[in-house]
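Student: First the structure, then my questions, so here it is.
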């Protein structure tokens, strides 16, 4: 069994309070903005992908992915 | 003589969990610094509470005792008393200050971010069970260590298990590690509470509430849903099992293997 590395999204000072909804959304938007700008998913970008996956519930990510595919995603991509 | 671990292992089989007793009045043993802080604050406040209680009871008993037509026929008719009025305003404010100081110290220390968390676990409330997601190990949007945690019904309990508290899949976490819990709900309001860890966090649909935990010792910690959520609100408990780092790593690897098969 490979050793599991204990790393997760760091505490973000832009979101110091209990409500982390915006934190998860911002990380998701940041990653996809980078991907759209750079054109493809590089290792550099994957770090950001890990952040939003750690924070956001799977259901939310699925819903947002669907919305992006349909062109109805409400965020600033 | 056998090593101490032998006696512990033997006693473990028939001792109750050392956290709880029948007809218990006080808190469960603390397993996190926050809970220890809450217990200490409680002791601080309780001291002043007893002082005030004794004083008020004494006033009350004294008044009742002396209210007697034969022994005290002439009542006092006092309406003003500036000095005493000042005293009984200043004195309680001082007591409040002594209570507020440790209280605010604890409150603000709970908010401080000193160390980045090492693990993020999402707890999603449903009617009437919890889903736990450990997504730190994903390499894509799809795979995730996710599982549901249902209460074990009374008929399925084994000897020694706790009624209304045991679950089929426990939340396994590493001890002595900073955890970030993200609590949310998929339907109605719930609340993720584990008293011995000093944690209670509302699960609100559409909102991610964050709480930090540092469990100081390995063990099993029980809690119950703490926000009314329908008919089985009392039957969706929470069990956190804190294990050493290596055991946690093994458990995560096993779960990931199983889920990918």
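Quick reminder: no glycine exception, Cβ is built from N, Cα and C everywhere.
No curator has checked TrEMBL annotations; they are predicted automatically.
From TrEMBL, for reference:
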type     : residues  : note
DISULFID : A:24-A:56 : disulfide bond
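Set these features in their place in the structure for me.
Tutor: A 10 Å cutoff on Cβ-Cβ distances gives residue A:24 (disulfide bond) a total of 25 other Cβ atoms nearby, all chains included.
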Student: CB neighbours of residue A:56 (disulfide bond) within 10 A?
Tutor: 27
